[in-house]
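Chemist: One structure follows; several queries about it will come next.
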Amino acid sequence: MASSSVSSLQFLFVTPQTPSSLKPNSTLSFFSLPSSSLNLSLSSSSTGLCSIKPFESSFSTRVALSGFDQLEDDVEVAEQPRFSEDLKLFVGNLPFSVDSAALAGLFERAGNVEMVEVIYDKLTGRSRGFGFVTMSTKEEVEAAEQQFNGYEIDGRAIRVNAGPAPAKRENSSFGGGRGGNSSYGGGRDGNSSFGGARGGRSVDSSNRVYVGNLSWGVDDLALKELFSEQGNVVDAKVVYDRDSGRSRGFGFVTYSSSKEVNDAIDSLNGVDLDGRSIRVSAAEERPRRQF
């Protein structure tokens, strides 16, 4: 079979056997792509399972202790179930050590986890630092977003964003909550507070700078930290692709005054951030996206 050009995916399905139980036993089944393009990693010690902030989860324990030496023929193969996009959460800024089992164990604290996908690079087999978690109900989705957006794992604050990828909106932000002003893949000309405050608040777009040539690993927090050196950052966001969840390599920072904007352009244009020389300029209504 010809090799696929997309990244390898790791799916973890959880199917409750006894719905009436408060803590039902679960069966685990894996949906797998051809073995050449799939990286299944279930380690009880070398993954992010043990590095997540301390909590006890019978589910994650069962995942960790499931047979590591189990033959491929013994793994149940199932078709990927279809779930409403409203039940899916995007989880970004994951440490590379966090796998599907660790992610499922964490999100189980917010409700019943239906499916977990951690996205892996096909060529390197390394986690790309983001994934998706599907819950059973919208209430559980909202609870998970509120509980885990900004939750720290291995020193990294993960991003959790709920809901399907909506049509483009003028008032949106990648980190937005469920107050109606959010975008799954990141806002274009978003008017929301930094960190995705629920409901959003207006910011003055005239005091905004465009930041290009960003490293894929730079997130909202890193952007805010750098630009805070030049003034009061009202809003800072990296723009993400709605389909892949990957950074598009640029973002926007909004200051409280035009002087801070000018200072940021003068001081930070060409500065090295995470190995790349960033471009900083005054933001236009429709910024030219040069990469």
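Think of each number as a place in line: the chain as shown, counted from 1.
In case you wondered, yes, glycine gets a Cβ from its N, Cα and C as well.
Got these off Swiss-Prot a minute ago, pasting:
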DOMAIN    87-165  domain 'RRM 1'
REGION    164-202  region 'Disordered'
REGION    166-206  region 'Linker (Gly-rich)'
COMPBIAS  174-189  compositional bias 'Gly residues'
DOMAIN    207-285  domain 'RRM 2'
Chemist: Using DSSP, what is the helix/strand/coil residue split across the domain 'RRM 2' (207-285)?
Modeler: 23 helix, 30 strand, 26 coil
Chemist: If you run through the domain 'RRM 1' (87-165) with DSSP, how many residues end up as helix, strand and coil?
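Modeler: Within the domain 'RRM 1' (87-165) the tally stands at 23 helix, 30 strand, 26 coil.
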